[in-house]
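One structure is given below, encoded as C-alpha cells.
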Amino acid sequence: MASRKHLAAVKGAKVLMVGAGGIGCELLKTLALSGFQDIHIIDMDTIEVSNLNRQFLFRQSHVGQSKAKVAREAVLKFRPEISITSYHANVKDSDFNVDFFKKFNVVLNGLDNLDARRHVNRLCLAADVPLIESGTTGFLGQVTVHVKGKTECYECQPKPAPKTYPVCTITSTPSKFIHCIVWAKELLFAKLFGDKNQANDLNVRSSDGASSSEQAEDVFEHRNDEDIEQYGRRIYDHVFGYNIEQALSNEETWKNRNRPRPIYSRDVMPNGLGQQNGSMEKNGASNDVYSVSAMASLGMKNPQDIWSLMENSSVFLEALKLFFLKRQKPFEAKGIAGNIVHAVATTNAIIAGLIVIEAIKVLQNDTKNYRMTYCLEHPARKMLLMPVDPFEPNKSCYVCSETPLSLEINTHRTKLRDVVEKIVRAKLGMSLPLIMHGSALLYEVGDDLDEDMVANYAANLDKVLSELPTPVTSGTMLTIEDLQQELSCKINIKHREEFDEEKEPDGMVLSGWTQSPAVAQDDKKSTANAGSTSNASASTEAEKTDDVETTGRKRKLSEASEAVNPDIPSVAGSSTRNPEKLELVDDDDELVIFDNWDSVTSKKIKLQ
C-alpha cells in the first residue's frame, strides 16, 4: 500500500508530458490511474490511421484531430476529477520557455525525434527540473533519469549521427556496396516515387562542366503516350547508360579507378522480355500491399540466388511496373523497403509504467533508488528488464558542464553559413543561435532585430570566416549561445587545409565532446549507432564479466535479476553472455546499441 508520503508527492505534483503518441497515450493513462492530479501535455501532431493500432486513446473518428486534446478528453472520461491541460503546439515554440518549465516538478518525455529531446533536456537543465527520458523500438525500450548535478544529462553521451555519404561520390564514383544501396534507396527511389522536383536529378557532370540536366529534364516523368515497359526502359537507360557515359567523360577521374561500363536495356533484355516473364495477373498477385513482389511475378523463388545481369535488370523493370500498376503510397513503399520498425503496444505500456515509477522516486527525492531500466527483446542473464544505476554528469559534456569544444575547419574557404547550418543547428541543436567573437556579434536570430541588423547578419552568412568584420582564424574562440534554451558554449577554431571527402563530408570536424570515463575506458571496443533502425550497428568484442554494480555492494547479475524482478523465470543454460545495451533515441523509431554492455554496467560510476 502506498505511504502517505508517496500519496502526497503524487497528488501535489505538477507534471509536464511532452509527446502524446505511442508512449504518451500509455503514460497519460498510467499517470491518471496512479493518482496524479495536475498533468500538462504538449504535442504538435494530429492523429493518423496508422496510430490506431497502438495509441489506444484514439479512435477512427479522431483521425485528423490533435493528439494532445483527444488524449486529454479520453482520460477525463474515466478520471473526470483530475486536471489535464493540453497544448496542440511544438515544444520548441517560444511560449514553452524556461519560466514555463519552472512551473513543473518533473518533465516526462515521449518524443519521436532527437532535436526536440535535446531542446527539452536543455530547458530542464536551465529550469533545474528533473527529466525522465524514454523510447521504444519494437520489443526494445528504455527509461532514463536525468537530474541536474546528480545524474548525467540526456546529452552527456554523444548521440552519433547516422552515417552520411557525399552525393558526388554516390552518383559519380561509387566504390563500395553501401554506395549502391544508398544510391538506390535515397536517390533513385525518392526520384521515382517522391517529389520529382527535389534537388536530386541523378545526373553527373562531364569534364567540360556541362550538366546532363537538359537531357534529363523530364526523364522521370511518365509520358502519356508510353506504357510502363517503355517508361521503365527509359529510366534504366538514363541511370545505367547515359549517366555512366557522362561520368566516363571525366578522364582524370578514372586514371586510378576501374572504369564502369554503360548498360542499356536493349543490350541486356530483348524488347518484350518483361511481358513474357512477368505478369501480375498471370502470377496471381493479390491486393495485399506486402504481397507485391517482382521476384514472385518473374517466377524467381530463391532469394539466396546470385542474380545475373539480365535477372537484376528484369527485377528492376518488373518492380517498377508493379509499383506503378498498384500505385503504392510512399508510406507503404517504405514499409516494404524495410524502413519502418513496427511498434509494439505492450512495450509502450511497460515503458510507461517504468516512467511513472521513476517519476515517483524523483518526486520523493529518493536519489539512491533512481534507475535506468532497459527492456530487452530476449531474456539476457535471466532478465527482460535490466535496471542499472544512473551515471554521474559527464565533465566533458558541453551542455551541462560547459566544456569548450574544438572545431577543425578551413577558415579561408568555409562560410559562416556553413558553420551555422552544419555545426550550430545540426550538431549543437540550437534553435535561436547567437555567435560572438569576443565582444563582436557575428550572427543573431530574433524577432526584435531591426532591418539593418538583419541585413548585416545576412551579409555575414555569405562571408568566408577569415573575411568577416572580426576575422575568425586559427586560435579564435567563438561563443555560441541560445537564448531560448539558456545554453552557452565555447568553440575553439583550428584551421585545417584539407578534409577527407568520404569520412568528413561536411568539410569540418567538431571534437571535444567525449564520453564520460565510465564508458570511455572501453571506447576502443564499443561502437554505437544512432539514427534509423535501418542503419547497421557495428559489432565489437565485449568483455566477459557477470557482475553488475548496485547501490551498496556488488553482486552477480543473476542475483540482481531475481531481486529486481522475481517474477521473471530463470533461463537455464542461457548462452547470452553479452546482452546489448540500447539507447532508444526515438519512440518507435531509432536506437543506439552498445555491444559491450558488460563493460558499461561493470565500470559505471555510482551516484554519490
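Backbone N, Cα and C define each Cβ position, glycine as well.
Per TrEMBL, domain 'THIF-type NAD/FAD binding fold' is recorded for 8-397. Positions annotated as ATP binding site by TrEMBL: 19-24, Asp43, 51-54, Lys67, 112-117. Per TrEMBL, Zn(2+) binding site is recorded for Cys153, Cys156, Cys397, Cys400. The active site, glycyl thioester intermediate feature in TrEMBL is assigned to Cys168. The feature domain 'Ubiquitin/SUMO-activating enzyme ubiquitin-like' is assigned by TrEMBL to 407-499. Annotated region 'Disordered' per TrEMBL: 517-582, in sequence order. The annotation compositional bias 'Low complexity' is assigned in TrEMBL to 527-540. The compositional bias 'Basic and acidic residues' annotation in TrEMBL covers 541-552.
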Check your understanding: Around the Zn(2+) site recorded as Cys153, Cys156, Cys397, Cys400, what other same-chain residues have a C-beta within 8 angstroms of the site's C-beta center?
Key -> Leu125, Glu152, Tyr154, Glu155, Pro393, Asn394, Val399, Ser401
**Study point:** Entry from the binding-site residues list Cys156, Cys397, Cys400 having the most other CB atoms no farther than 10 A
**Key:** Cys156
Practice item. Just give me the nearest neighbour of Cys156 (Zn(2+) binding site) among the binding-site residues Gly19, Gly22, Asn53, Cα to Cα. Key: Gly19
Review point. In angstrom units, rounded to an integer, how far apart are the Cα atoms of Asp43 (ATP binding site) and Cys153 (Zn(2+) binding site)?
Key: 22
Exercise for review: Identify, in sequence order, the residues in the chain of Asn53 (ATP binding site) that are 6 or more apart from it along the sequence and have a CB within less than 8 Å of its CB; answer 'none' if there are none.
Suggested key: Ala343, Ala345
Check your understanding: Quick one: Cα separation, Gly19 (ATP binding site) versus Cys153 (Zn(2+) binding site), in Å?
Key -> 19
Check your understanding: Using DSSP, how many residues in the domain 'Ubiquitin/SUMO-activating enzyme ubiquitin-like' (407-499) fall into helix, strand and coil?
Key -> 24 helix, 30 strand, 39 coil
Exercise for review: Compare the Cα of Cys397 (Zn(2+) binding site) against each of the binding-site residues Gly22, Asp112, Asp115 and report the nearest.
Suggested key: Asp115
Check your understanding: Fewest other CB within 10 angstroms, which one of the binding-site residues Asp43, Asp112, Asp115?
Key -> Asp115
Point to revise | Top Cα neighbour of Cys153 (Zn(2+) binding site) in the set of binding-site residues Gly22, Asp112, Asp115 | key: Asp115
